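Below are the structure tokens for one structure; questions will follow.
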Amino acid sequence: MEPQQRSPLLEVRGNIELKKPLIKAPSRLPLPGTRFKRGPDQMEDALEPEKKRTRGLDTVTKIATSQSRAPAITARTQTQNQITAPKVPKKTGPRCSTAIAMVLKNQKSGPAVPAQKPGAAPPMVGGRKPTKRPAWDLKGQLCDLNAELKCCRERTQTLAQENQQLQDQLREAQQQAKARGAECRTLEGELARVQAQAEQGQQELGSLRARVLELEEQQCTQEGLLRELQKEQLGLQEERRGLAARLEEQERRLQASEAALSGSQAEVASLRQEATGQAALLVEQGERLHGLEMERRRLHNQLQELKGNIRVFCRVRPVLPGEPTPPPSFLLFPSGPGGPADPPTRLSVSRCDERRGTLSGAPAPATRHDFSFDRVFPPGSRQDEVFEEIAMLVQSALDGYPVCIFAYGQTGSGKTFTMEGGPGRDPQVEGLIPRALRHLFSVAQELGGQGWTYSFVASYVEIYNETVRDLLATGPRKGQGGECEIRRAGPGSEELTVTNARYVPVSCEKEVEALLHLAHQNRAVARTSQNERSSRSHSVFQLQISGEHTGRGLQCGASLNLVDLAGSERLDPSLALGPGERDRLRETQAINSSLSTLGLVIMALSNKESHIPYRNSKLTYLLQNSLGGSAKMLMFVNISPLEENVSESLNSLRFASKVQLPPGPGPVRTPGCL
């Protein structure tokens, strides 16, 4: 429902009753040239009293008029015809806030005019007391009221316009405040970023300061190093000048060397030509040397054959301490055909038989037995003299011709001393075996310079009662003889070997000495009436020699046999044999049988018989390849210097005389070098 309209008169009366003295408030618009100095929040606080004042005016207007919605009228001063202040151009920033705050302050500080009570006298105008219309002059009063109402409406309109302008300015100020707030927040963010950058810059500044300190230290170090390098540079400059001087000297020397080199090159070319000629000459000399070596071997073999492929030497041992001295006429050594300077080759033994006598009863004169051999060694002969005589024969084994050397004689005649030497390993009393091995090793080393390569394999066996035993056996096989048999090396082969015997490669004298010591311990010995330590077996030391000349495709092989025969004494049939002597009897029978077979074989070879009885004895069967053909054989017959052993000495000398051949060429075989 629409509100009931009131009569103009009642509205005027209400306005008169409620009318208050209007006081003109100072203008709240910002002055020209001023700027807001407050923020948005402060500006809102400054506008708060204006809002309250506006609400109060709205209440008064509602009472005065029912239709009009105009803003409330504020009391003004008596100067009502004053025109509102002109529009101030829009300002931004703090000056706007300052102007709003000043308007609100002036509004608060303005004195309030109390409203007139009804029936009061009209205010004075121009210092004069207004003329009060009489109560009956209603028309005049109405005119006054209409005039006043018109004036109030004009003022209201003016205030509304001013209010609208202020609201526009407020909205503009709020927008500017929002913009400034956003700008402030942006500036705060920028400030935070700048502060973070500043902190980071401070950190970087600290790092840079530390880096500067470090660089300063490095600079100091580098400066010190620079000073040292400068000093070193000075030294190097001095050295460079010295080297430059040396270089000049070296260049001069180089030029001289180049000149000498040119001469040397010419000389080298000449020497190369000469070397080529020397090489050709060397080849020629090698061929000639080889031809001479082969000629030497041929002549050496021819010389040995002229001396006899079967030779017999006689050696008389010296009288040992404790033995009786024989009479001077018992053994005589006549001089050779060339006089006393020639080595003796004859021996004369004097024998007195006490059972024979003359018719007058006087003892019969002594019977003298003369023997002639290839060489006779008196009791004073040394071991080196004996070996010197057979050294050429040992050389034949290295040239490829089999060689066999026997030591024959009764027990105690010095056979083992001749072959192995005396006790104590005294070099002066070394026997034929160690001396022969030393000689072979030495000559083989010399021939190595001509392209020859030699290898040596040694074995040492004994034949005891026609049983072959290995003297180099060790361990459980030591002393066992039944396992060794003499067999051919292979089908169709002429080479003989002893089964289950040790064949030891040797290359030096110490290895040979060790083998001789072991064989000496294993050899069968027994005590006899002739010798406290008597050899009761034949010992055979065999050395297989193999030579090769790879450059010419030549090979040679031969064996060196050094045999220490058992004692050759005869048994006395008149002696009674006890149980212990029967073994000695069997040993003696086996020894004499083998020695007899050896004599028969040598005699058959001397007579060039068609059948040689090698198989009649293990000894001759083992040595058959070293006895016939172009083999060289030497027998040492050893005799005792004592007169009591004259019977056995004569038997030995007679046995040796049977096997001796006259000097001259013997059986010839193809030379050992193939």
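For all residues, glycine too, the Cβ spot is worked out from N, Cα and C.
What TrEMBL records for this protein is below:
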type     : residues                                                       : note
REGION   : 26-46                                                          : region 'Disordered'
COMPBIAS : 70-84                                                          : compositional bias 'Polar residues'
REGION   : 70-94                                                          : region 'Disordered'
REGION   : 108-133                                                        : region 'Disordered'
COILED   : 149-309                                                        : coiled coil
DOMAIN   : 309-662                                                        : domain 'Kinesin motor'
BINDING  : Gly409, Gln410, Thr411, Gly412, Ser413, Gly414, Lys415, Thr416 : ATP binding site
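For the listed features, I'd like the structural context: burial, neighbours, distances.
Summarising the environment of Gln410 (ATP binding site), the number of other Cβ atoms within 10 Å of its Cβ, over all protein chains shown, is 23.
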Which site among Gly409, Gly412, Gly414 has the most other CB atoms no more than 10 Å from its CB, taking these as binding-site residues?
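That would be Gly409, with the highest Cβ count within 10 Å.
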In the structure shown, with every protein chain counted, which of the binding-site residues Thr411, Ser413, Thr416 has the densest set of Cβ atoms within 10 angstroms of its Cβ?
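It comes out as Ser413.
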When a 10 Å sphere is centred on the Cβ of Lys415 (ATP binding site), how many other Cβ atoms does it contain?
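Excluding its own Cβ, Lys415 (ATP binding site) sees 27 Cβ atoms within 10 Å.
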